[in-house]
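> Sharing a structure, written as structure tokens. Questions coming.
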């Protein structure tokens, strides 16, 4: 049944009525101060908060402009104390008083003073999620939280606690601060190759004083609602004909009832109609948990689907009666009915082999019994300081995901376990969240104390988010199996088997049972990237036998990640991995000029200025040095090579314009490289590898700096996110030009679940826009039918066979028109897509000035773009500072005489609409022209 370990953190339900026998005081309403010897003064503080932000509000420091990520390191090195003013008005007729912290980051000591002058303190080292202190010995009307102290400078000291552990040389990955693997704190707080290392501290989540009645009281710490098909097992596909099972478990604080009852009510989310009410059976009390189960025979609720045109579900309400026959207390809502997700890693069957699928094993997701193509990206922490991340900000980010035709985000470890409201937003918007435990790119301790601590962390979080239909998977960590174990094998081959054993001890023997004991509806993988498993035996000491490198040539097994910074092979299809699923891949680029201007002074806006280079953390410093020019030059050089190898080299006389053009050029390379890979992976859905997912690195930025992101800090879209929106459409036409052999193939790829049919028009133009005689020997139109989750080749030739006078003066325009049914829909929908191909790199093309004309309709709030004298490649609409939003289409091709009317979605506007006068349009021609 349900498994709970120790003080497995507290989840406050602040809306619970006082009838539950509790009095709750939100400590965010109290007055707080922040102090430190390093500051030598006291400043006002907020709660929840983080030290850097309180110092910023008090005017002690500024934003991390320029190189302030280095200049502010004194904050992480100091000890800091939050102190409340006396908290008055507490009740004196309650049986116990509890102090509940939802999140303290990270090494904290709490001291409490109340009117009887009695002091209670407890060290917290560290707090993985929430925690609650034992009941105070007396109920008093006044409490002073004398100190919530956070210890700084521990990254060096913590190593002394683990002197018995010796890692193999050159294996552990230090980005800036050392020894992060010993601390249960957001690992990217200590630096990563896409973000700064502020190592923030503070009470980053709410805190409460909870008073429980002497006779009848319930305080909900956590709720686990597991909804699955009868007889379902995590690693096997559920039988969709079986009835639903609801297994509910409530972790409570206070005296456990002897004979409690539990009940659920299921309603249609939209109409509010009650579909069924049930009393749970086999209610049991164990530890601090009350658990019950019921089978929903005969109930067929509306199901949740990812990226459905309408998210129609049923909502579950859970109630608890402390004593049988007494009035029930509503303790939980918002359990949306959904078929559990299943990660299929089973062996390829003979039926699949007969369909042309290569031997090996599957690696794809299934929802409600349907396999589907996962399209998305990787989510990193959206800010260095979580307390300024708002629900509105995440909602806007997720809207960009939906608009970008993505249905899945991989929640990368190691950030923080996501807030509940983020899962709520994913539920609402139909976004799947591949979730991971917070272990990344490191070897971690495996002593009993460490494992006991992380076991509580895992149990709490599995139970906390299990009711969300957006939860797609739990993975044990990031790249532990695919990166860290091979690093051990290379650096210390004699120790390899030992560290494989340590890996299995934690990520399989410990984590897998903890997941399976707390949910039957979600699959588990011990690492983000694996070759899958050989077998599962839950009675074995290592219940999942990983495949590792026990693979056979010609067979495919697991998922892949891929980073190749050799730009000479960026568009070589033979350099891309062939697997069942791509969970990470990418290349970095510069943010736009407007985003750079938020953080860097004008005099520093040069491509290789000191400030720009030191804000680039790829390659990372590997320590706390502040002159990482040598490593940074590697990443800057990679971007430079990507530009000069394939694109016109910007050469503007004005240094700001030149800097902006270079930033844009790096984005063109990044977007083209991702597009090339995603077209390759999506085509794989119809190839022997049966490839069913691509999640690129990364969705968004944590600050203003070079990174792999498609959405810049502040919300501005790079070229990448626009191009991903286009190439993630349901049915696409894609050209594949092999520049070595000269072959040119055109494929149609579909992620619909049923066949789609239509035509593709193929039109050859020279770059002045004139049709090439005889269409270069290419058919003008090709009909096609493509199967569900499949791809089909509609045209193939060799460049040498085409009637092209000059391959540097030619472009193939592809226009698809089709009809088919979207997933989970009975209606036929018209679908279109446009693409293009050139047979020379952009830098070598004989482009002409396209004569772009730009207009704006205030009545329609649309922009009109027209090419008048040549083909416009990489047509790019841009908007000025003072507004944030996105164009409905961008980075497109325009032929002469072609006019596009494009809408713009405004998210923020501080210009009172004046921004429209400063919209600009450019193309590849502008990158080439000297100015």
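Glycine too: its Cβ is placed from the backbone N, Cα and C atoms.
So Swiss-Prot lists the following for this protein:
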SIGNAL    1-21  signal peptide
CARBOHYD  40  N-linked glycosylation site
CARBOHYD  247  N-linked glycosylation site
CARBOHYD  282  N-linked glycosylation site
CARBOHYD  347  N-linked glycosylation site
ACT_SITE  479  active site, proton donor
CARBOHYD  550  N-linked glycosylation site
CARBOHYD  608  N-linked glycosylation site
CARBOHYD  658  N-linked glycosylation site
CARBOHYD  738  N-linked glycosylation site
CARBOHYD  790  N-linked glycosylation site
CARBOHYD  798  N-linked glycosylation site
CARBOHYD  830  N-linked glycosylation site
CARBOHYD  918  N-linked glycosylation site
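Mind running through what each feature is packed against?
Its own atom aside, the Cβ of residue 40 (N-linked glycosylation site) has 7 Cβ atoms within 10 angstroms in the protein chains shown.
In the three-state DSSP reading, residue 247 (N-linked glycosylation site) counts as strand.
The Cβ of residue 282 (N-linked glycosylation site) lies under 8 Å from the Cβ of 292, 293, each of these being in the same chain and 6 or more residues away along the sequence.
Proximity of residue 347 (N-linked glycosylation site) to non-local residues of its own chain (separation of 6 or more, Cβ distance below 8 Å) is seen for 360, 361, 362, given in sequence order.
Residue 479 (active site, proton donor) falls within neither a helix nor a strand when secondary structure is assigned with DSSP, and so counts as coil.
Taking all protein chains in view, 10 other C-beta atoms sit within 10 angstroms of the C-beta of residue 550 (N-linked glycosylation site). DSSP classifies residue 550 (N-linked glycosylation site) as coil under the three-state reduction.
Shown in sequence order, 636 are the residues of the chain, 6+ apart in sequence, with a C-beta less than 8 angstroms from the C-beta of residue 608 (N-linked glycosylation site).
When secondary structure is read from DSSP and collapsed to three states, residue 658 (N-linked glycosylation site) falls in the helix class.
Cβ-based neighbour count (10 Å, all protein chains) for residue 738 (N-linked glycosylation site) stands at 15. DSSP assigns residue 738 (N-linked glycosylation site) to coil in the three-state reduction, outside any helix or strand.
Taken residue by residue with DSSP, residue 790 (N-linked glycosylation site) is part of a strand.
The Cβ of residue 798 (N-linked glycosylation site) lies under 8 Å from the Cβ of 741, 742, 743, 744, each of which sits 6+ residues away along the same chain.
Using a 10 Å radius centred on the Cβ of residue 830 (N-linked glycosylation site) and all shown protein chains, the other Cβ atoms total 9.
DSSP assigns residue 918 (N-linked glycosylation site) to a helical segment in the three-state reduction.
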> Rank the glycosylation sites 247, 918 by how many other Cβ atoms lie within 10 Å of each Cβ and give me the one with the fewest.
918
> Looking at the recorded positions 247, 479, 738, 790, 830, whose Cα is closest in space to that of residue 918 (N-linked glycosylation site)?
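Smallest Cα separation from residue 918 (N-linked glycosylation site) among 247, 479, 738, 790, 830: 830.
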> Compare the C-alpha of residue 479 (active site, proton donor) with the C-alpha of each of the glycosylation sites 40, 247, 658, 830, and give the closest one.
247
> In terms of DSSP three-state secondary structure, what is the assignment for residue 608 (N-linked glycosylation site)?
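Coil, per DSSP.
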> Give me the Cα-Cα distance between residue 790 (N-linked glycosylation site) and residue 830 (N-linked glycosylation site), rounded to a whole Å.
18
